[in-house]
Amino acid sequence: MHFLVALVLLGQIIGSTLSSQVRGDLECNDREAKEWADQAVRYINEHKLHEYKQALNVIKNIVVVPWNGDLVAVFLKLNLLETECHVLDPTPVEKCTIRPQQNHAVEMDCDAKIMFDVETFKQDVFVKCHSTPDSVEDVRRNCLKCPILLSPSDPHVVDSVEYVLNKHNEQLSGHVYEVLEISRGQHKYEPEAFYVEFAIVEVNCTAQEAHDDHHHCHPNTAGEDHIAFCKATVFRSHASLEKPKHENFESDCVILDVKEGHAHSHLIEHHIGKYSTSPGQNSTVECVAECPVAFVNKEVPTDISDRHTTPVKGCPGKILHFQL
């Protein structure tokens with residue numbers, strides 16, 4: 001199984017804390033290289049529309065070249081690892097747990113270009129990333145019965161999410177939730193089950209209206225919506241062709257403290273609707289009209305020139321976590 005996601009980002013960051021004395025002879029393990037990489041990773045996490053926050057794993061290459069006037073161009077090749085924090089989770093990425101290899105880890109390779117003005121500290125950032133999970137063969141080689149990643153749109157995954165959400169809504173008098181995004185699904189063994197992770201939001205519907213495919217529910221007004229991230233296991237066979245009805249399940253939902261104006265508050269309207277699965281697997285994601293305000297709709301280069309990313313002394317840097 002192969003998953004591919006291309007994340008194309010263009011934006012602007014003002015007020016950098018980096019020194020105006022930009023070194024041009026950086027090696028991948030230098031402190032300054034880590035600062036540049038952190039800037040790129042922070043930007044990715046602030047503008048990523050789906051799934052999980054990313055953490056720096058390896059600085060593969062860094063090249064700093066003079067540009068026009070006071071501008072300096074910093075070219076980076078980065079390897080990132082998926083964390084267990086959803087993009088809506090306000091937890092700083094430094095405190096997020098890296099998804100372990102036995103839980104079918106996912107890596108992301110990114111090319112980043114940062115245009116830095118040494119006088120004003122203004123930055124323009126361009127990032128392009130491809131996300132790929134560990135291969136099923138590698139997962140099973142290291143752990144024969146570890147859960148295997150499924151597509152978020154897999155029927156068993158979607159059915160499991162709907163089943164758990166309906167059970168929750170039945171128990172919450174006066175509160176109805178809908179799915180914002182199905183972020184992850186896995187097939188588990190001994191006992192056989194489906195493990196799912198998904199984000200939900202409270203909506204202004206009655207329970208009856210929520211079950212009506214012709215009725216469109218909307219999140220509560222700003223400041224009133226409750227957003228939660230759920231992890232659940234539904235115990236059922238992969239061979240089962242019917243939707244779950246009376247299966248045993250375990251679930252845990254945590255309310256996320258997403259403030260109005262938070263970098264990802266746009267996700268509420270971006271995702272709301274039935275069967276909202278993440279497009280991050282087997283798909284390409286690019287900026288369109290619905291992207292956050294920080295994006296600009298104009299032609300941008302899609303590749304970072306190889307002449308700026310040729311291997312340099314001291315690169316690649318050390319592996320901070322593990323290599324897939």
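A Cβ is built for glycine as well, from the same backbone N, Cα and C atoms used for every other residue.
Keep in mind that what you see is a predicted model, and the values were worked out from it rather than measured.
Looking up CYS129 in Swiss-Prot gives a disulphide bond to a cysteine among CYS96, CYS110, CYS146, identified as CYS110. When Swiss-Prot is consulted, the disulfide partner of CYS85, picked from CYS28, CYS96, turns out to be CYS96. A disulfide bond in Swiss-Prot ties CYS205 to one cysteine from CYS217, CYS230, and that cysteine is CYS217. Confidence for the domain 'Cystatin fetuin-A-type 1' (22-130), expressed as mean pLDDT, is 92. Using Cα positions, the member of the disulfide-bonded residues CYS85, CYS96, CYS146, CYS253 nearest to CYS315 (disulfide bond) is identified as CYS96. Taking the C-alpha positions, the distance from CYS230 (disulfide bond) to CYS205 (disulfide bond) comes to 20 Å.
Cα separation, CYS217 (disulfide bond) to ASN204 (N-linked glycosylation site), rounded: 6 Å. According to its DSSP assignment, CYS315 (disulfide bond) is coil.
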